[in-house]
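> One structure, as structure tokens, below. Some questions next.
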Amino acid sequence: MAGILNVSALEIMDSRGNPTVEVEVILDDGSMGRAAVPSGASTGVHEAHELRDGGDRYLGKGVAKAVDFVNTEIDDALAGLEADDQRLIDQTLLELDGTENKSRLGANALLGVSMAVAHAAADSAGLELFRYVGGPNGHVLPVPMMNILNGGAHADSGVDVQEFMIAPIGAETFAEALQVGAEVYHSLKDVIKAKGLSTGLGDEGGFAPSVESTKAALDLIVEAIEKAGYTLGEDVALALDVASSEFYEDGVYNFEGGKHSSAEMVEVYADLVEQYPIVSIEDPLDEDDWEGYVTLTEKLGDKIQIVGDDLFVTNPSRLQEGIDRGAANALLVKVNQIGTLSETFDAVELAHRNGYRTMMSHRSGETEDTTIADLAVALNCGQIKTGAPARSERVAKYNQLLRIERYLEGAAVYAGRSAFPRFKN
């Protein structure tokens with residue numbers, strides 16, 4: 001395999017108008033790989049450190065320091081290393097940084113390099129990225145968990161739940177699932193407009209109407225599904241990302257105008273699951289409310305997928321704690337939460353080995369980079385969360401999955417309902 005000739009970075013823009021890091025890696029055989037790093041709005045306190053410049057430039061959000069680290073220290077450290085040894089590359093990056101949370105060089109610098117090296121190695125091998133990473137086992141196309149109604153930190157809609165998603169579980173192929181999702185999305189616009197509500201969009205392409213409650217938002221989506229000609233719970237199921245750490249303070253959940261205990265929130269979710277065909281709830285409790293997660297998992301874990309995002313932050317050690325405690329039963333996978341591909345692979349492998357489902361995910365601040373689409377297939381995640389079927393930084397991932405499905409031809413399998421074995425409608 002070819003060795004690394006040059007590693008360079010560029011400060012580019014993400015979908016929220018903030019700077020982010022793009023890295024280009026050139027190998028000595030002329031192969032090249034490029035990757036751009038995403039950034040979150042609602043970030044967990046246990047995530048790897050995203051290095052920002054501070055000061056006045058870009059309101060403190062510049063990434064010139066991270067770019068400079070890539071162009072100097074990291075370029076020097078990786079020179080001549082074999083690009084196909086991802087473990088060695090990532091271990092070199094971790095040792096060079098030297099901190100537990102990647103705060104010296106920044107997880108945004110490390111991740112950009114880690115992903116770009118993988119792209120370059122795939123190019124050198126003459127393989128698609130998903131095939132290079134996943135080998136022949138990478139053939140399952142994920143269910144698109146489409147965030148078609150935005151709330152929380154992703155919008156100014158007034159509703160506390162951050163994401164209301166649809167899951168096209170009844171489709172036969174990914175292409176069909178995308179069609180179903182797009183039709184429901186457009187139907188939702190008509191439903192919202194007919195009620196005199198705003199059809200403005202949130203960070204991830206979903207609509208952000210001002211609604212009074214979680215149930216009111218779900219009712220809009222239910223109406224849209226039926227208006228589009230699909231059967232609720234059979235063709236299309238529902239999912240939530242509550243992002244509850246955003247409204248948790250001093251041991252209390254400030255939810256929908258009331259102050260709730262962890263036990264009371266568990267009952268809120270039990271009521272929702274009873275009334276709606278919900279297959280998945282992400283971050284239903286605070287990122288450090290381990291006892292609450294155990295209680296919730298005991299109550300609803302045999303019925304739905306309970307996803308740890310801020311709880312696990314794609315970190316194998318935190319995931320292991322969750323496994324040991326019996327907290328949640330699924331892992332959200334965000335590459336920039338942990339900072340290298342090798343650590344991401346370890347987290348996914350640990351999850352699958354212990355019966356936890358996995359959902360590959362974007363961030364609210366995205367770029368046209370499509371790496372996570374390939375990773376979702378390579379790692380057999382079975383689910384991907386990358387926004388509404390709108391805004392090019394979201395659609396880019398869906399389009400890449402369409403290409404992968406075409407590439408695989410008869411070998412492609414759409415996860416569909418099998419991605420949610422606990423759901424029985």
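Placed from the backbone N, Cα and C atoms, the Cβ positions cover glycine too.
Note that the structure is a prediction, hence the values are computed from the model and not measured.
As annotated in Swiss-Prot:
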type     : residues                               : note
BINDING  : Gln162, Lys334, Arg363, Ser364, Lys385 : (2R)-2-phosphoglycerate binding site
ACT_SITE : Glu204                                 : active site, proton donor
BINDING  : Asp241, Glu282, Asp309                 : Mg(2+) binding site
ACT_SITE : Lys334                                 : active site, proton acceptor
> Mind giving me a neighbour count for Arg363 ((2R)-2-phosphoglycerate binding site)? Other Cβ atoms within 10 Å of its Cβ, every protein chain shown.
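Around Arg363 ((2R)-2-phosphoglycerate binding site), other Cβ atoms within 10 Å: 26.
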> If you measure from the Cα of Asp241 (Mg(2+) binding site), which of the recorded positions Gln162, Glu204, Lys334, Arg363, Ser364 is the nearest?
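Ranked by Cα distance from Asp241 (Mg(2+) binding site), first place goes to Gln162.
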> Consider the recorded positions Glu204, Glu282, Asp309 and say which one has the Cα lying nearest the Cα of Ser364 ((2R)-2-phosphoglycerate binding site).
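Closest by Cα: Glu204.
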> Tell me, which binding-site residues from Glu282, Asp309, Lys334 are within 10 Å of the residue listed as 'active site, proton donor' if we use the C-alpha atoms?
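Final answer: none.
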> Give me the Cα-Cα distance between Asp309 (Mg(2+) binding site) and Arg363 ((2R)-2-phosphoglycerate binding site), rounded to a whole Å.
11
> Measure from the CA atom of Glu282 (Mg(2+) binding site) to the CA atom of Arg363 ((2R)-2-phosphoglycerate binding site) and give the result in Å, rounded to a whole number.
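Each residue's Cα considered, Arg363 ((2R)-2-phosphoglycerate binding site) and Glu282 (Mg(2+) binding site) end up 14 Å apart.
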